[in-house]
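All remarks here apply to the structure that follows.
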Amino acid sequence: MTRSATELAITAEDRRVAWLATAAVGLSLVDAAIPSPLPGVKPGLANIVTLVVLLRYGWATAVWVSVLRVLAGSLLLGYFLAPGFFLSLTGTTLSLLTLGLARHLPARWFGPVSLSILAAFAHIGGQLLLARAWLIPHDGVFLLTPVFAGAALVFGTINGLIAAKLLADTPATDSPR
Amino acid sequence: MRWLALLRPGDWLTLAAGAALVGASVPMFWQGGLADRAIVRQEGRVFAELDLRARKQLEVPGPLGITLIAVEPGRARVVSDPGPRQYCVRQGWLMRPGEIAICAPNRVSLQIAGRTKVYDSISY
């Protein structure tokens, strides 16, 4: 076999990110398969992966996994570069920024559930603002805010609990952070 | 019980704050509550106040002729109007407090009202 001219060195970190992103994409597909009463109200199961990654491998890895998940998920579901893609990207960006700040909260008091709820609110907030600014330039969009905020609270709590359980059940195998 | 053990003290705080935020967002974004009345004005004076619970039709006479208004549970609309451009008819059903259809040529307006008054705009 001829050696390729450009050899990409694949580190263990790359493999880890790829595996985690795959898990997140899988959960995105499950998410998309769950019927929703209102566009935008989704469980956001892939965020469980983001939370676990954040708390176990750090923020940078969480960013990688999330961005790859949004890209690959949108390609698989066929909404790459469609409005839904930008909504997803905005929500993810804002929730990652929020998580970046919130992970500095004292861990003794604030666990995955807090992070999850904060991220869920940031996610829906970003999406609403983008929708208002770009897709539906009318304040009527905000009429749905209480519904979205309620969904963010409920699903944020559930996802946070699942992430907390996963973290508690699986001891860290690799060195954290 | 096992699940509750996963919640740390601050998580309850976040949960409570989140619930408060959701609670606060309801009156903030659903200002005026639900639509419960339709106010019909003719020449600027209140011609009729209709309850939005019952189905009803109302004929309002104006300088051009009769403006026909229909009320259904939770919504109201202008069915027909003698005006030339038919803007108020084309607005369709009005169902949120503060919404208004104005048939200017016939000097008739139909407005939806809730329990509390909603402002069209506020300037400082």
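Heads up, the Cβ atoms here are built off N, Cα and C, so glycines get one too.
According to TrEMBL, the transmembrane segment annotation covers A:48-68 (among others).
Residues of the same chain lying 6 or more positions beyond the ends of the transmembrane segment (A:75-97) and with a Cβ under 8 Å from any Cβ of it are 25, 28-29, 32, 40, 47, 50, 59, 62-63, 66-67, 69, 119-120, 122-127, 129-131, 134-135. Summarising the annotation, TrEMBL assigns transmembrane segment to A:75-97 (among others).
If you look up TrEMBL, you'll see A:109-130 (among others) marked as transmembrane segment.
Summarising the annotation, TrEMBL assigns transmembrane segment to A:142-168 (among others).
Within the same chain, residues 38, 40-45, 47-48, 51-52, 55-56, 111-121, 123-124, 127-128, 132 sit at least 6 positions outside the transmembrane segment (A:142-168) and bring their C-beta atoms closer than 8 Å to a C-beta of that stretch.
Long-range contacts of the transmembrane segment (A:109-130) within its own chain (CB-CB distance under 8 A, at least 6 residues past either end) are made by residues 40, 44, 47, 50-51, 54-55, 86-87, 90-99, 102-103, 141-142, 144-145, 148-149, 151-153, 155-157, 159-161, 163-164, 167.
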